[in-house]
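Asker: Pasting the relevant annotations from TrEMBL:
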ACT_SITE  156  active site, proton acceptor
BINDING   164, 167, 236, 239  Zn(2+) binding site
DOMAIN    24-374  domain 'Deacetylase sirtuin-type'
Ligand SMILES: [Zn+2]
C-alpha cells in the first residue's frame, strides 16, 4: 500500500541562503538571473521550455495575510500558535467549536483581502507564455482569482468551501458564514463591533492585541479566554436529509437542535474547511495532478515558501530528479535547498538555477517589466511602442523555441 502524503509542518530552523549566481544579491542582478532562468532553452530536448511555479504563504503577505514562518524560520505571528490537527478536528466536538469560532472571526478579514501585485505578475508571466501552471500551498484562492487562465493546483485545498467528512459534498464558505452568524448571535455582535471599530482590519499586532484579538494563518483569529464552548455550527445539509451509511453498514445518526446546530448525539455529517489540515492526507487526485503539473514543465520556480511541508518539498525533489533547473525566491532559508543547487556550473548566469533571498512583492512586477523591455528589444521595436498582450505571448514563445 502506498504511504499517504500528509500535510505536516517542519519546524526546525533553516540555514540562511546563498544567492546564486552571486550577482543575484542585488535587485538588478536578481532580475537578470531570473530572466536567464525563465528564457533559457530546455535543459534537455525532452523537457518543455515552460516553467511551473510552486508558491507559498509569503506571496500573500502583501495582501495582509499572515505567513507561517519569518525570515529566521520560526513561526512569525504568535510563537505559541499551533494549528489544529485533522484528527483533533474529527475526534472532538469541542475542538470543532473552537476552530469554527475562530474561523468565523477570521473569515471577514480573509474575504476582504485580495490578490496583490505578485499574483498579477504571475498572470502576466502566464500571458507571456513563460509559466504553464501554478502549484500553490496557499488556501486563500488568490491565484485562481488573479489568473483564471493560468491553471492553479491548490495542493492544500481552499477556504472558499466547506466539505462534509461523511459524504464529501462541498458547500460555499460564504453561506456557511451566514449560518454561523445565525446560530451564534452573541459572537456575531462581537464580530460586527470588531469590524466597525477596525480591530480586525488593523495590520498592527499591538492594536489587535489591545482588542483581545490575535491573527494566525489560514483565517484563524484567536480570542484568548473566549467562551468557545458556547459556539454552534451547522450539520451537513445532505447528510441531515439522508443520513449516510457507516463503515459497518448501519445508518449514521445526524441530529441537530431546534435551530439547526449539529448535536453531539450525531456520528456523521460534520463539515470541515475544504483545506488539507495538518496531519491530513492530500487526496490522491490532487497529489497526481500536482505531479503532472511538475512533469508538464521543464523548470521549477519556487516562490515565497520555505517548503516546510513535505508535500511541497517532494515536488521540488521530483523536479530535480527529472533534471529540471530550479529557481527559488524566498526570504530566508528553504528546506534542503543546497541539494537543488549542488550541480550548478560556476559562472552560470541563472539558466541552470537561481537563488534569490528577496520578497516576491516588488521583485515579480519588476521582473515582468524587465521581460517586457527585453521583448521590445528582441522584437526590434521602439521601446516606447506598446506591445499588445497577444504579441507579447508570441514573442516569448518564439524566444523559448
Ligand atoms: Zn454530508
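Heads up, residue numbers simply count up from 1 along the chain you see.
Keep in mind that glycine also has a Cβ here, set from the backbone N, Cα and C atoms.
Bear in mind that TrEMBL entries carry predicted annotations, made automatically and left uncurated.
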Asker: Looking only at the domain 'Deacetylase sirtuin-type' (24-374), what is the mean pLDDT?
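Answerer: When the pLDDT values over the domain 'Deacetylase sirtuin-type' (24-374) are averaged, the result is 90.
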Asker: What recorded positions in 156, 164, 167, 236, 239 place CB under 6 Å from ligand 1?
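Answerer: Listed by sequence, the hits are 164, 167, 236, 239.
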Asker: What are the other residues, in sequence order, whose C-beta lies within 8 angstroms of the center of the C-beta atoms of 164, 167, 236, 239 at the Zn(2+) site?
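Answerer: For the Zn(2+) site the neighbour list reads 165, 166, 168, 169, 235, 237, 238, 240, 244, 254, 268, 269, 270, 271.
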Asker: If you draw a 10 Å sphere around the Cβ of residue 156 (active site, proton acceptor), how many other Cβ atoms fall inside it, taking every protein chain shown into account?
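Answerer: Its Cβ has 23 other Cβ atoms within 10 Å.
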Asker: Would you count the other CB atoms within 10 A of the CB of residue 164 (Zn(2+) binding site), including those on all shown protein chains?
Answerer: 22
Asker: Out of these binding-site residues, 167, 236, 239, which one has the fewest other C-beta atoms within 10 Å of its own C-beta?
Answerer: 167
Asker: Rounded to an integer, what is the Cα-Cα distance in Å between residue 164 (Zn(2+) binding site) and the residue listed as 'active site, proton acceptor'?
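Answerer: Here the two Cα atoms lie 16 Å apart.
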Asker: Give me the CA-CA distance between residue 239 (Zn(2+) binding site) and the residue listed as 'active site, proton acceptor', in Å, as a whole number.
Answerer: 25
Asker: With DSSP assignments reduced to helix, strand and coil, which class does residue 236 (Zn(2+) binding site) get?
Answerer: coil
